[in-house]
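Features of the protein shown, as given by TrEMBL:
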type     : residues : note
DOMAIN   : 36-307   : domain 'Thiolase N-terminal'
ACT_SITE : 120      : active site, acyl-thioester intermediate
DOMAIN   : 314-446  : domain 'Thiolase C-terminal'
ACT_SITE : 411      : active site, proton acceptor
ACT_SITE : 441      : active site, proton acceptor
């Protein structure tokens with residue numbers, strides 16, 4: 001009997017998964033509900049933005065991930081019922097990047113595709129839309145979900161005044177009207193608008209929020225640097241040992257073949273200590289080294305009903321069992337979603353923290369991870385803010401992000417969720433575990 005399960009957590013996103021290999025202690029199969037399985041997952045190498053992928057477009061990366069999934073699974077190109085992709089900062093020319101990437105990868109043009117966005121958990125939404133909204137509902141038997149982010153070429157707009165002038169020029173009917181509008185242009189009109197890196201509702205950057213959160217929970221600079229070093233060290237070990245098998249090789253047109261993530265850089269505590277605060281200066285504790293970096297990359301997973309997967313001869317890697325999305329105050333609890341989402345998804349599954357063999361949490365900032373761990377270990381926080389009698393409890397570090405995380409592997413906003421779920425499935429197989437749990441925070445104070 002195979003029973004490896006993966007749970008996603010919320011906005012925070014929380015996802016719960018179970019293994020398809022180990023002998024089951026407890027099955028989470030529900031009578032009359034389809035078993036939904038992860039067949040396989042792949043991703044392009046995650047690269048620091050502005051490097052080898054710099055001349056591409058988002059759909060190029062998404063297409064590469066889809067082609068890698070087709071090659072990995074030998075999936076017939078017309079065997080999928082639907083394709084869903086997540087992304088955050090959209091390229092205006094390919095707003096439905098799922099469709100453009102699907103066509104480019106050679107999937108049948110009869111397969112519908114759509115694109116979703118929910119900040120850093122966009123590909124989580126893609127997966128859960130496909131599982132609960134399509135497969136569980138009987139609309140589909142096989143879907144591909146994925147995500148892509150391309151920070152090397154984000155859309156930069158003209159100022160609003162300039163946009164209004166240009167639109168008015170387009171409507172102008174006489175030469176006099178056009179000359180009058182052109183004459184109204186001032187130097188201030190030429191100032192471009194960059195994509196916002198701040199919360200719209202609070203006008204605060206996520207890094208600034210992470211710094212405040214770390215201070216509120218008494219997370220020291222030393223603790224953050226130690227966790228960042230741990231992430232890079234474990235990622236390097238996993239990379240050198242061939243454990244990051246979800247990474248596919250990608251020949252970048254006109255450039256080199258890329259086969260590895262390029263942001264993994266083990267350092268030393270002495271080197272990390274030399275960096276200055278990046279957001280709250282001069283006394284903040286969040287630095288470039290203990291934060292995730294701007295990343296280009298794409299991911300893709302093949303999800304099917306168990307019946308369909310077995311009929312096609314696949315050996316699934318994990319069951320996708322349950323998930324929750326939660327939201328908090330985006331001002332003071334922007335990054336605390338995993339603390340709120342974890343107990344909810346465990347309660348839905350009838351499990352405890354002790355039942356989970358593999359934990360994979362998104363590492364937006366080392367301070368965010370450490371603050372969540374402290375909140376989860378606090379009876380006071382549980383009673384004061386969560387309406388719980390006792391604390392959630394913390395994941396044992398010997399089960400936590402053992403192959404590195406977003407701090408070291410990189411964080412293409414729209415693609416990270418699929419990486420997390422695929423990593424849980426691979427770790428369950430490698431470590432002989434049964435249950436895995438994914439948690440990821442996102443902008444807007446949300447989590448899955």
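Every residue, even glycine, has its Cβ placed from backbone N, Cα and C.
Automatic, uncurated: that is what TrEMBL annotation is.
Here the structure is a predicted model, which means the values were calculated and not measured.
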Helix, strand and coil counts within the domain 'Thiolase C-terminal' (314-446) (DSSP): 57 helix, 25 strand, 51 coil
Tertiary neighbours of residue 411 (active site, proton acceptor) (same chain, Cβ under 8 Å, six or more apart): 46, 120, 292, 293, 295, 362, 363, 364
120, 441 as active-site residues, winner by CB count within 10 A: 441
Local confidence of the domain 'Thiolase C-terminal' (314-446) - pLDDT mean: 96
